[in-house]
């Protein structure tokens with residue numbers, strides 16, 4: 001009988017331990033890859049980031065001096081040198097696959113060599129509160145538009161256009177969906193359980209939102225009421241407005257949840273109301289960190305507990321340090337969040353140095 005390598009055994013044991021535990025709600029692991037061609041300026045730039053829930057834990061940038069996958073969360077730093085070697089090797093392999101794919105896709109779309117083009121990939125898995133597999137994802141985009149996605153059954157593909165049909169036929173012939181499914185239901189889940197255990201103080205915490213309301217006159221007849229939620233984790237939150245108890249969904253301006261730069265999140269929802277009728281409107285906040293939903297109503301004497309200028313300044317500073325390509329990837333992720341996708345990687349093997357995003361022999365587009 002073959003002897004199981006120590007690292008693989010450790011991963012399996014951590015997975016078995018995780019199945020004896022329960023967590024609040026579901027959890028996810030996601031990888032986001034972005035490749036941007038730079039005609040006349042050398043190789044495409046490749047950026048890879050990994051997230052567990054809403055926390056970034058690894059990052060690779062082909063333009064960085066280190067040329068290594070780097071930790072972005074304290075709990076991942078405990079992984080040994082073999083882990084980082086494998087994660088780096090996988091990222092570099094993906095970058096080379098994307099370099100070839102950028103040229104192939106340019107040909108599919110009959111594009112010249114002069115312009116810059118972008119490939120974006122998202123893949124990952126979700127587990128339930130019992131640590132068992134819920135769903136997997138794989139989505140690809142080209143130049144900011146959907147290209148091909150693994151369907152919810154993890155057995156078939158949806159192609160967005162005629163060019164993507166070519167890729168679909170290639171991947172079907174190579175049985176790519178079966179390989180992705182094996183990774184998503186196996187290795188992805190095992191590593192996610194391990195990360196949730198190792199990073200439980202961060203990943204399994206709940207920080208309730210700090211809430212307040214602001215009032216912004218528009219004219220003599222109208223004003224904007226804005227309901228703020230700040231400093232919360234995890235990112236999932238619900239803000240709703242009601243007028244005399246009736247939902248005002250259609251009339252609500254709602255921004256996407258934004259990172260605050262300190263590991264927590266921010267969000268606001270606003271409605272335009274007739275002057276003098278502010279008391280008829282209530283904001284309702286639901287979050288995992290709250291024992292029960294909060295209800296806020298504008299009081300003329302109420303003041304924001306956190307200056308709005310400070311919030312805006314924080315968001316501007318955050319934006320200055322985020323790479324444009326990663327922002328594009330996250331924006332595309334949110335745009336595509338209602339669809340199911342999948343993976344670019346493989347199931348657990350006997351490779352003792354295996355990482356959580358170990359790559360397959362790549363299926364090119």
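Every residue gets a Cβ built from N, Cα and C, even glycine.
If you look up Swiss-Prot, you'll see 1-24 marked as signal peptide, on the strength of similarity to another entry.
Mean model confidence for the region 'Alpha-1' (25-114) is a pLDDT of 96. Per Swiss-Prot, region 'Alpha-1' is recorded for 25-114.
The topological domain 'Extracellular' annotation in Swiss-Prot covers 25-308 and rests on sequence analysis.
Here residue 110 (N-linked glycosylation site) comes close to no residue that lies at least six apart in sequence on the same chain with a C-beta under 8 angstroms from its C-beta. Feature annotation from Swiss-Prot assigns N-linked glycosylation site to 110; the stated evidence is similarity to another entry.
Swiss-Prot lists 115-206 with the feature region 'Alpha-2'.
Taken from Swiss-Prot, the feature disulfide bond applies to 125-188 (among others), supported by sequence analysis. DSSP gives residue 188 (disulfide bond) a helix state.
Annotation source Swiss-Prot lists region 'Alpha-3' at 207-298.
Taken from Swiss-Prot, the feature domain 'Ig-like C1-type' applies to 209-295.
Sequence-distant contacts of residue 283 (disulfide bond), defined by Cβ-Cβ distance under 8 angstroms and a gap of at least six in the same chain, are 211, 213, 225, 227, 239, 240, 241, 242, 269, 295, 296, 297. The annotation disulfide bond is assigned in Swiss-Prot to 227-283 (among others) on the grounds of sequence analysis.
Annotation comment: Swiss-Prot describes 299-308 as region 'Connecting peptide'.
Under the heading region 'Disordered', Swiss-Prot lists 339-360.
Residues or ranges marked as phosphoserine by Swiss-Prot on the basis of similarity to another entry: 343 (among others).
Sequence annotations record features per position, and here Swiss-Prot assigns phosphotyrosine to 344 based on similarity to another entry.
Sequence annotations record features per position, and here Swiss-Prot assigns compositional bias 'Low complexity' to 346-359.
Marked as phosphoserine by Swiss-Prot: 349 (among others).
The phosphoserine annotation in Swiss-Prot covers 350 (among others), and the record cites similarity to another entry as its basis.
If you draw a 10 Å sphere around the CB of residue 227 (disulfide bond), it holds 26 other CB atoms from the protein chains shown. Summarised by DSSP class, the composition of the domain 'Ig-like C1-type' (209-295) is 6 helix, 52 strand, 29 coil. In the three-state DSSP scheme, residue 356 (phosphoserine) falls into the coil class. Remark: secondary structure over the region 'Alpha-1' (25-114) totals 33 helix, 27 strand, 30 coil, with classes taken from DSSP.
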